[in-house]
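Here's the structure we're looking at; comments come further down.
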Amino acid sequence: MSSLMVAYGGRNFHQDFDITWGDQRARISNGGQLLSLSLDKTSGSGFRSKQEYLFGRIDMQLKLVAGNSAGTVTTYYLSSEGPTHDEIDFEFLGNLSGDPYIVHTNVFTQGKGNREQQFYLCFLVDNTPIRVFKNAETIGVPFPKTRPMRIYSSLWNADDWATRGGLVKTDWTKAPFTAYYRNFNFQTCSSRSCTSSSTSNGAWKGQELDAYSRRRLRWVQNNFMIYNYCRDLKRFPQGLPPECR
C-alpha cells in the first residue's frame, strides 16, 4: 500500500504543517515537497496542519513503513478540540513482511466514537471509497458538521495491541521505521470561507457516490472488511447503534 489518495501536485509542507513532536525524527525535505516521520525505541513523531477544515476533500499520498512494520501504527486523522470533539480516524496497523496492512477507521461525533471498521489493504485505494458515514441527525445521531478540524498524523509504537492483538512485538533491530508523505492538497470550507489549493471549481461540494463508486464500495466491504461495529451483536447486546439499523 503506497498511497492513500491521488493528488494534484503537492503544496509546500512548510506552509501547511507544523512538526509537533519527535525532535529530528520528523523532517520536511525536498524543498518542502516531502515530509517523513520516524520511530525508534526512544520516540515516535508527529505533525499537524496549521489550518482547520470543516467540509471538503483532502488529498495526501502516504507511503507506509516498509518491510516488517509489526507493532507500529501510522495514524492519519482529522480532529477538532475539546471533550465533545469530532474526529475522523485512519490508523494503519503494522504487519509482518508479506502480510497486508490493516486500516482501522473510526468516527467520533460530539466526543463519542465506538464506530470502528477495519479493512485489509490488499487493493489500490486511490479514489476507491472504503467507508461512508451518512448524516442521520433525523434519528438522533450527531453529525460532524459544526467543528472545524485539523489534520494530524503520527508514527508510534503500539506493540501491545497493533499486530495480531499484541502477539507480535516490534522488532527494534529494524528501526528506525519511517513513513513518508507528499502531494498534499485540499478543497475545503472552514467556518469562514471556502478555499482550494488546486484548480478545482468546487465541484466537490455537490459530489455524491455515483453508481460505479457505490459498486466499488460494496466490493471493498464484501471482500476486505474484517470488522464492522454494525455487525457486532455481542458488543451491543441491547441493540446496535441507531445509524446501523
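Every residue gets a Cβ built from N, Cα and C, even glycine.
Per TrEMBL, the features are:
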ACT_SITE  E87  active site, nucleophile
ACT_SITE  E91  active site, proton donor
DOMAIN    6-181  domain 'GH16'
CARBOHYD  N95  N-linked glycosylation site
Around the Cβ of the residue listed as 'active site, nucleophile', the count of other Cβ atoms that are within 10 Å: 18
Cα separation, the residue listed as 'N-linked glycosylation site' to the residue listed as 'active site, nucleophile' (Å, whole number): 25
Around the Cβ of the residue listed as 'N-linked glycosylation site', the count of other Cβ atoms that are within 10 Å: 25
Sequence-distant neighbours of E91 (active site, proton donor) in its chain (C-beta under 8 A, six or more apart): V73, T74, T75, Y76, Y77, V103, H104, T105, N106
